[in-house]
Structures are given as C-alpha cells and as structure tokens.
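**Q** First the structure, which I've put down as structure tokens, then a few questions once you've had a look.
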Amino acid sequence: MEKLSGYIENVIYHNEQNNFTVMELDCGGNLVTVTGSFPTLNPGEYITVKGAWSEHPSFGVQLKAHSFKVEIPETVAGMEKYLASGLITGIGEKKARLLVERFKEDVLDIIRYNPDRLTEVEGIGKKTASMISESFNEHREVMDIIMFLGEYGISSSMAMRVYKVYRDNTISVIKENPYKLIRDVPGIGFKLADEIAMSMGVEQFSPFRVMAGIKHMLQSCYNDGNMYMEEEELVYKSASVLDISEDLAYDNVEDLVLQGDIKLETIEDKRVYYTIPLFKAEESVAEMTVRISRHRYENEIINVDKIISSYERQNDIELDEAQKNAVKAAVENGVVIITGGPGTGKTTIIKCILEIFQQLDYDIALAAPTGRAAKRMSEATGFEAKTIHRMLEFGYSENEAEQTFDKNEENPLEYDVVIVDEASMIDILLMNHLLKAIRLGTRLILVGDINQLPSVGPGNVLKDIIDSNQVSLVVLNKIFRQAQESMIVVNAHKINNGEMPMVNDKEKDFYFINCNTGEKVRKTILDICTHRLKNYNGYDFFEDIQVVTPMKKGAAGINELNKLLQLNLNPPSPDKEERTFMSTVYREGDKVMQIKNNYNIEWLDLNTQEEGQGVFNGDIGIIKKINQQGKNATVIFDDDKQVIYSFEQMDELILSYAITVHKSQGSEFKVVVMPVFQGPRMLLNRNLLYTAITRGKELVVLVGHRTYLKAMIENINTVMRKTGLRDRIRAHAIMED
Ligand SMILES: Nc1ncnc2c1ncn2[C@@H]1O[C@H](COP(=O)(O)OP(=O)(O)OP(=O)(O)O)[C@@H](O)[C@H]1O
C-alpha cells in the first residue's frame with residue numbers, strides 16, 4: 001500500500017453521481033495521477049491518499065486510491081495555495097497573499113479561532129472577516145462529514161444532504177442513532193441506515209436495532225396514507241425486514257407500547273398500532289372538531305335571505321336550494337363543509353359568503369393547501385388567499401429539524417371567518433395545526449370535492465369528518481347551465497357515477513385517442529404535444545398543456561414521458577447549458593416543478609420588481625439559465641417570479657413535462673393530456689381518473705385503451721385508508737352530550 005501527500009494540481013475528471021475522480025497531485029514537485037472515489041475537491045487542497053499503483057493502457061502509471069484524508073496544509077506556501085483556491089468565500093489570490101504575509105504559519109488558526117484579527121489586513125472589514133471564518137469552518141466540517149460517511153459507502157452528494165439537515169451536529173447525531181437518518185434525510189432508507197448502524201457495532205438482536213426497525217415499519221404506513229397498522233402486519237413485516245423471529249418482533253412491539261413510543265388501540269375488534277404523532281393528531285382533530293362544531297355563535301341580526309337576493313341580482317344568477325343552504329349554513333355554524341364536483345357552484349358560494357361577511361365587517365382569511373390552489377382562489381374571488389402553511393406562519397425550529405407554526409392554540413388566528421378551499425387535500429397533521437389555530441368564535445368553512453384523491457399525507461380527513469355526521473354539511477350535486485356545456489364537467493360527474501364518459505363529440509372538449517400498445521401511447525402523446533394541439537387551437541406546450549399520468553414507472557410513467565418530451569421539445573444544443581443531477585439531465589429551457597414547500601427561498605417578481613420569499617410544492621416554471629461557475633440555476637415560474645437555485649437546492653425540482661396525478665392536485669391547466677394504459681391496479685382507480693380530468697379547463701385528451709378506462713372507472717376499492725378519525729369524532733361527541 002502506497003501513501004502519498006500533496007496538493008491537488010488539477011481535477012481532470014469528476015463524476016458527481018458516483019464520485020469517480022481523476023486528478024493530478026503535486027507531491028513535492030512530482031505530478032502523480034490519482035484515481036478513485038472522491039468528493040468534489042478543488043485545486044489547492046492538500047490531501048493524503050493511500051492506494052496501489054496500477055498501469056493504465058493509455059494513461060500510464062496511476063495511483064488507485066482506496067482511502068484519503070483532506071489535510072490542513074502545513075507549509076506557508078501550501079496555506080497560501082489552499083486559501084487562494086477559491087474554496088473560502090471572501091478570499092481570492094490577492095487576499096490569500098496578504099493574509100499569509102501578515103500571519104505566516106498561524107494564518108489558518110487565526111481564521112478558525114480568532115477571526116477578529118483578520119481585520120488587521122488591509123481591505124478586510126468585520127463583515128468579511130466573519131464571512132471568511134464561517135466559510136472556512138463550514139468547509140472543514142463538510143470535509144470531516146464526507147470522510148466520516150464515506151467510510152460507510154455514502155457518496156459525497158448524499159453526505160452533503162445529510163449535512164444540510166444536521167449541520168455541525170451531523171457526526172454526533174449519527175453516532176447516537178443512525179436510524180434517525182431514515183426520518184430526516186430523503187433518500188436514506190432503513191437498509192442503508194441499518195448498514196451504518198451494524199458497521200458501527202449495533203448487534204442484530206439488540207433492542208435498539210429491533211425497536212428502530214419496528215418504528216420504521218410503522219412509519220411506513222404514512223406512505224400509503226394510512227394512520228395505523230394492524231398487529232399481524234406490523235409483526236410480520238418488522239420480523240422480515242430485521243431478519244428476526246416474529247416472537248422477538250412481537251415482544252419488542254409490546255415493549256415499545258409500554259415505553260410510550262407507539263400507541264396500541266382497538267379498532268373494529270382488531271389490535272392496531274399508531275405512531276405517537278399520528279395518534280395525537282387524530283385524537284386532537286377529533287376533539288377539536290366536536291368542540292368547534294358545538295360552539296354556539298352569536299349571530300348578528302342580519303337578513304341572510306335579503307343579502308342572497310341582492311347577490312343574485314348583482315350577479316344575474318339564481319342560487320338553487322342547496323346553494324342557499326350552503327350560504328346559510330356557513331353563516332349559522334361554527335364549522336361547515338361544502339362539497340361538490342366541478343361546476344356545482346362552490347366558487348359562486350364562496351363569493352356570496354364573502355359578500356355577507358364583508359357586510360358584517362368581519363375579518364376574513366382565505367386559504368388553500370397548495371400555492372397554485374391559493375392563487376386560483378385569489379383570482380376567482382378577488383381576495384388574497386394564502387397557503388394554509390403561510391396563514392399559520394409556518395417555519396422551522398432553530399436547528400431546522402422540526403416544523404413550527406407560530407399560529408397555534410396559544411396564538412390563534414385573529415379572524416372571524418376562515419374559508420379553506422380544496423379541503424380534501426388536507427392531511428391529518430395539517431388539519432391538526434389548522435384547528436389548533438382556530439379559536440372558539442372563528443367560523444371555519446371547508447370547501448372541497450370529496451371525490452378527488454385524498455391527501456398525499458396520512459388520513460382521509462375531510463371524508464372522515466363528513467362521515468362522523470357531527471358537522472354541518474352541504475352537498476352540491478347540480479351542474480349549472482354554463483358548466484353543462486363542458487363535457488369535462490359532464491364527464492367528471494359521469495365518471496363519478498361509474499359511467500363511461502362521452503368522448504370525441506365534434507366541437508367539444510373531451511377526446512379519447514385509441515392506442516393499443518405502450519409505444520403507440522407514447523408516440524401519440526408526443527405527437528399531440530408537439531403538433532396536433534398547436535394545429536388544433538394554437539395551444540403552446542409550455543404555456544397551456546400539462547401531461548399527467550398515474551404512474552412514475554413504465555411506458556406511460558413520468559420518467560419515460562419526461563425523457564421523451566424533453567428530447568423533442570427541448571433537445572440538447574450547444575447553446576444550452578446542462579447539468580446532470582441524480583441521473584436526470586436538467587437543461588436550459590426545461591419545464592420543471594418544485595416538489596416541496598420552501599418558505600425561505602427568495603424570488604423576484606419580474607413584472608413589479610417586488611422581492612419576496614417562498615416557492616411551493618406544485619409550482620411550475622422554466623429553467624432560464626444554468627450558471628456552471630456560480631453553481632446555480634435560474635428558474636422563472638409561471639407567475640413571472642424568478643428564483644435562483646444553488647445546485648445543492650436542485651433536488652427540490654423535477655422535470656415536469658409530465659407529472660403524476662397526485663402532484664397535479666390543486667392545480668388547473670388549459671389542456672390536460674393523460675395516458676390511460678396499463679399500470680399497477682392500485683393506481684388505476686376512479687378517484688385518480690376523476691382528479692386528473694377535473695384539472696383540465698378547456699380540453700382533456702385521454703390516450704390509451706378503453707379496457708383501462710373502464711377498469712379505472714370500476715375500481716373504487718383502492719382508496720380505503722386505515723383511519724380511526726370518524727369513530728373518534730363520534731366518541732368525543734358522545735362524551736360531550
Ligand atoms: N345558481 C346558479 N345559476 C346559474 N349559474 C350558476 C349558478 N351557480 C353557479 N353557476 C355557474 O356555473 C359555473 C360553475 O360555477 P362555479 O365556478 O362556482 O363552480 P365550482 O364548483 O367552483 O366549479 P370548479 O370546481 O369547476 O371551479 C359558473 O359559470 C357559475 O357562474
């Protein structure tokens with residue numbers, strides 16, 4: 001085994017996916033080629049590598065590195081080279097020289113431990129001094145973490161992600177409990193965390209490992225939207241993932257219950273287990289739902305009928321009985337749910353309710369679960385609507401590990417009325433935060449469409465609250481005249497009733513193109529998006545059309561469709577910069593979607609030059625520029641907000657030529673194109689088809705085979721979620737009576 005130390009002279013090749021690197025190392029004047037797995041390193045850094053010599057047929061003698069260590073340079077010349085390498089924010093070649101001249105071999109210690117002294121150098125003020133010191137320390141920390149995790153086979157890009165979560169606590173958190181990584185770091189599953197734990201000496205049958213495995217298994221019910229897991233399933237699955245006996249798994253499940261780490265409940269005579277956060281949320285939503293719904297409201301003496309009549313006159317419509325009841329229920333009750341399909345007048349009613357409460361001079365807040373839904377609500381009502389998160393003043397705790405809501409039971413929302421649209425998308429955790437922030441006396445009006453897909457997160461909250469029969473409910477069934485002219489609306493209701501849609505009527509807005517192979521489906525979708533819709537009505541792919549699909553994988557899944565559409569609608573070109581991230585190519589001109597709520601990222605409104613913060617899950621935009629040197633990408637969202645993503649933040653974006661139906665929830669598009677083709681039965685269901693087509697405003701085009709269309713309409717059994725909310729609300733109601 002050879003051991004060499006030297007300065008990196010040049011990084012010839014670096015693959016960000018697998019870290020394979022070829023570099024030249026200056027070892028006391030000799031240039032040596034070194035290959036191996038390295039994180040992103042920069043010329044000027046001083047490293048020690050251990051490895052073996054090999055002879056490459058074309059490149060000659062090289063050192064194949066097995067391990068490496070990033071060293072702090074020891075000579076003054078080395079320190080200057082290191083500081084001048086551009087690694088440390090605030091130091092270029094000139095400042096590196098001045099710093100070394102002033103502090104000699106103490107320069108790095110001074111940067112690290114005594115940054116105030118840096119101001120002794122000309123051109124360095126207090127601010128620059130602390131920036132230099134912070135950047136230096138962060139770099140050292142990151143390198144330590146990359147090396148520490150590298151020993152367990154974790155790539156440097158994954159290590160960077162771990163660092164982003166835990167910062168300078170990374171090593172201590174992992175040493176204390178490597179299983180925490182599963183919950184906190186996207187991309188790390190039980191298997192990887194378990195490997196790290198085992199190689200740190202955790203034993204196969206130790207309660208620590210077994211309990212971590214069981215908790216992980218129980219958490220996995222989040223992914224299916226379930227609130228709990230039945231005993232048999234939990235024991236069986238835990239035993240198999242941990243490779244232990246079911247008896248041992250069962251004993252540990254019992255211990256976890258005794259320790260208060262998981263909750264045992266009996267539902268329909270079955271023993272079931274909840275994670276503590278989900279149990280608490282369900283219990284608290286049940287209790288608060290009953291409390292709010294039982295509260296007596298002091299109604300101002302107003303004549304609702306009179307206001308409705310004047311609204312009807314002004315808007316030249318006549319509300320039907322159910323609509324009038326909805327308006328009255330909203331005025332009279334503490335909490336009311338208004339549900340109905342497209343075109344049944346939900347927006348019309350929200351506007352009428354707004355009018356009434358405005359006349360009473362009430363403080364009103366409008367909110368929706370996603371940014372796009374909030375934007376639509378604002379446009380439709382002329383009132384500002386926020387995301388629920390923003391309304392509740394969402395943030396992160398100091399160490400960024402926990403989500404916090406500044407609006408809560410101690411500091412409730414100070415509105416008289418809160419109206420929430422797209423309420424079917426609210427999961428149990430968000431509903432818990434929302435209800436906590438509603439003080440007694442504030443009316444809560446939940447508007448939604450119960451036939452859409454339930455929330456992505458756990459629970460089937462709106463449906464459970466409705467089914468509990470404890471909350472005032474208005475169901476809107478009638479489709480109104482204008483809406484009747486749209487086959488999208490008519491077909492949505494047909495599908496909901498289990499009937500086949502009517503398609504391909506001339507002059508209408510609902511088409512079905514028959515294709516019987518996956519290849520034909522793909523080719524047809526491509527043809528529609530590149531030519532046919534443009535010729536049909538001048539529709540522009542990037543402005544007007546959205547491909548939605550049930551699946552991620554397979555011929556008609558987002559992965560394949562994104563590749564195909566990207567290649568044809570935004571092909572590679574020497575004029576367009578690209579960057580590959582997690583094996584996806586991102587190119588200037590690409591259509592992308594933000595996939596998590598980021599409340600801190602800054603935007604600039606290109607129309608008004610106004611600046612602000614926050615990009616939300618589901619926001620869609622175009623990559624305008626990729627700046628390789630600045631390591632960032634500029635995205636312009638469809639509301640003309642410009643956002644700059646550092647390369648590290650690009651895991652918040654996915655290509656969005658095609659998106660899943662789940663991601664399309666809460667958004668609307670002029671044209672929706674959807675493959676109706678084979679896929680997992682679980683995904684081919686009625687709610688999903690209904691949700692997809694109701695995203696289309698002007699035109700829906702389905703591409704595929706009628707067998708699958710029929711199968712989707714008939715498949716209504718897949719959205720049964722395991723939840724206890726309905727019965728829990730009923731139990732609380734009985735206690736209150
Ligand atoms: N009572 C009514 N009489 C006549 N037209 C009505 C009535 N109620 C609603 N409409 C009209 O029906 C159409 C659909 O109404 P609205 O947009 O309120 O429904 P929605 O449930 O919000 O639909 P979507 O979910 O598709 O947005 C609108 O053009 C509206 O003006």
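Cβ atoms here come from the backbone N, Cα and C positions, even for glycine.
Heads up, here are the entries from TrEMBL:
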| type | residues | note |
| --- | --- | --- |
| BINDING | GLY343, THR344, GLY345, LYS346, THR347 | ATP binding site |
| DOMAIN | 81-102 | domain 'Helix-hairpin-helix DNA-binding motif class 1' |
| DOMAIN | 116-135 | domain 'Helix-hairpin-helix DNA-binding motif class 1' |
| DOMAIN | 180-199 | domain 'Helix-hairpin-helix DNA-binding motif class 1' |
| DOMAIN | 332-451 | domain 'AAA+ ATPase' |
**Q** Quick one: give me the count of other CB atoms within 10 A of the CB of GLY343 (ATP binding site).
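**A** Other Cβ atoms within 10 Å of GLY343 (ATP binding site): 24.
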**Q** Drop a 10 Å sphere on every Cβ of the binding-site residues THR344, THR347 and tell me which sphere holds the fewest other Cβ atoms.
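**A** The binding-site residues THR344, THR347 were compared, and THR347 has the fewest Cβ atoms within 10 Å.
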**Q** I need to check the long-range neighbours of the domain 'Helix-hairpin-helix DNA-binding motif class 1' (81-102): which residues 6 or more away from its ends have a CB within less than 8 Å of a CB in the stretch?
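**A** Apart from its flanks, the domain 'Helix-hairpin-helix DNA-binding motif class 1' (81-102) reaches 7, 42-46, 73, 111, 118, 120-124, 128, 131-132, 134-136, 139.
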**Q** Once the chains shown are all counted, how many other Cβ atoms turn up within 10 Å of the Cβ of GLY345 (ATP binding site)?
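**A** Cβ-Cβ neighbours of GLY345 (ATP binding site) within 10 Å number 22.
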**Q** Summarise the model confidence on the domain 'AAA+ ATPase' (332-451) as a single mean pLDDT, whole number.
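**A** Looking only at the domain 'AAA+ ATPase' (332-451), pLDDT averages out to 90.
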**Q** Same-chain Cβ contacts of the domain 'Helix-hairpin-helix DNA-binding motif class 1' (116-135) under 8 Å, 6 or more residues past its ends?
**A** 87-91, 95, 98-99, 102-103, 110
**Q** Can you name the residues of this chain that are 6 or more positions from LYS346 (ATP binding site) yet have a C-beta less than 8 Å from its C-beta?
**A** ILE338, GLY340, ASP421, VAL447, ASP449, LEU476
**Q** What are the DSSP helix/strand/coil residue counts across the domain 'Helix-hairpin-helix DNA-binding motif class 1' (116-135)?
**A** 15 helix, 0 strand, 5 coil
**Q** Looking only at the domain 'AAA+ ATPase' (332-451), what are its DSSP counts of helix, strand and coil residues?
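**A** Result for the domain 'AAA+ ATPase' (332-451), in helix, strand, coil order: 42 helix, 30 strand, 48 coil.
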